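Chemist: Please find one structure pasted underneath; my questions will follow.
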Amino acid sequence: MSVLRWWSGLLVAFGLLVLLRIFLPLPFNNEIIIFSIYVIGCNYLLGRVGFISFGQPAYLAVGAYGTAFYLYYFGGNPYVGILVGIVSGIVVSALVGPLFVRLRSDYFALVNLALAVIIFFLMQKVLASVTFGDNGLELLTKMDVTPILDISRPDQFWVFAFVSAFGVWALYKYLDDSVFGACCLAAKANEDKLRFLGYSNYGIRLMAFVVANTTTAFAGALYAVHQGLVSPEMSSPARAADPVVVTILGGVGTLYGPLVGSIAFVGMKDLISKVFGHWELIVGFLLVFVMLAGERGIWGSLEPLLRRWILRQRETDKPVVADAGVKAR
Amino acid sequence: MIDPQLLLSGVIFGLSMGSVFFLMTVGLSLCFGLMRIISLDQLLYYSVGAYLTYSVSLAVGNVWIGALAGVAVAGATALFVERFVFLRIYARDITFSMITSFGILIGGIGVIKVIWGLVPRPVPVPIEAQWNILGTDVPVYRLAVVVLALLVYAGIWLFLNKTIIGKAIRAGIEDVEHVEGLGINVYRLFTLTFVIAGALSGLAGGLHAPLIMVFPDMGLEVLAFAFMVVIIGGLGSIKGTFISAFLVGQVVSIGSLIYAPLAQMAPFAIMLLILLIKPTGLYGSAMLKR
């Protein structure tokens, strides 16, 4: 029963995603799934560890370029490409992590953004002979057809992205429940007490940093396969705010916030750029508005209401509830 | 080795670049010191200053008047933003102001795109003359930018050390609550500091405009450099900002002489190095934890 309850939230959320797939066009669905994977790393860093990162595009680009380099120069299997992207994400975040996580949150944000810019210049100018600068790496023709699930085709890619998103969410839900997740929260709330309990602040932050940024790199790898084109535009500082905006729009530190935020964000982006064109104007002011309006975001405001409603339903079902209060965190 | 003439012009180039960096980031630093906010929207005022310089100099025919207009409008925009947004978030923690001001920056750039469009705009150089220093032709305008930045630094120093308001601001950087206890309205001080910061960023934009093309994303383009300057110098320290601005300017300029892509990479390497040795930057203090 408790196993079922653990999975029920995930199942409902991803059931709704399947519904979206039925009613909305395919590119939109692919976009929101990848984008929500992109955002959940940022959400974890901001909501659980208390690190605000304006440098997420850096890790996105690392994953994307890892995949792209493999697919362009070495082999044709997109699955291996995605794996290479993930590994390069791990390597890069493990390399810069020890330096970055020692910094205070404000410096952390600045340094990360600087890294994004550096990677942008690196890919655009320095390594232009390998990355073809602004033209980007064209991958569509480089990908082999894979048996069972051919992810070079958008509709089958959706299945793959959907399954992997489900996996990612299960992982993050598990992390939230684990000792590690509790330590992350503690590192955010009071690092001295955490050290008192015998945990290493540094180690926990580093671990969270690597996990979150590897997720982001994974999203980058998915982007590479999905779009079939990887250009430096991906890590441009103009896009650095997007994951933070969506994190806050969805609800900081909530599990489903990234999903809700991505749907709202990508949906609005499509609508606004059709009607109005000047996209960042809306994003910027929306961000300011959400921040001033209480920074809880869409899901962050909805979740307590939903939770109360579920609890009330349960209470009417069976009057004696021993663990409902404990379970509802 | 590098040709000495090239080196000299590189140094002058670096000095003028450092001056722009200094003017651009001193506001960021002041705001952090006094209000404990990270005001990324300073880069919006920089863009506003540059665009106003473009428009007004096109209309009037004098770049200096254009720059003045840029300073004025940048200051006014800063006042507007401070009244409507920052007044509500001074009490919140630093990340809050960082996210919000980034929102303002992005939104403001959107507004700029609506008003001026996406096409890069040229601004004429106000002083065409070149001086011959040690056999190298040096554009006088670049020297003028450096002199202006030095004047601003001196002006800020005088303001903070010799006037009563400046002294109150310095006291506020040490401890805001005590200043409040003295019966000084700190929110006045905050507004004043913010407007000064915005105006200086506008000046940076106005002075930078003739050296580059004016385009909507210019604020984002220099964002990374602004960050490096602030991080290397240490948040909240004007002296640190001054030194690191010129350091980064030189590194960018001379680095690009040695190997072009070094211009973007070298400051980052220096920043990492300094952070490794001193995580708070050159002159940043460790006590800035609220």
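Cβ atoms are placed via backbone N, Cα and C, with glycine included.
Taken from TrEMBL, the feature transmembrane segment covers A:7-26, A:32-51, A:58-74, A:80-100, A:107-127, A:157-175, A:202-224, A:244-267, A:279-299.
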Chemist: Is the count of Cβ pairs under 8 Å between the transmembrane segment (A:244-267) and the transmembrane segment (A:80-100), pairs 6 or more apart in sequence, 3 or more?
Modeler: no
Chemist: Based on Cβ pairs under 8 Å, which of the stretches A:58-74, A:80-100, A:157-175, A:202-224 lies most in contact with the transmembrane segment (A:7-26)?
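Modeler: The stretch with the most close Cβ contacts to the transmembrane segment (A:7-26) is A:157-175.
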Chemist: Let me check one thing: do the transmembrane segment (A:80-100) and the transmembrane segment (A:202-224) come into contact, meaning three or more Cβ pairs under 8 Å with sequence separation of at least 6?
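Modeler: Touching, yes - the transmembrane segment (A:80-100) and the transmembrane segment (A:202-224) meet the threshold of 3 or more Cβ pairs under 8 Å.
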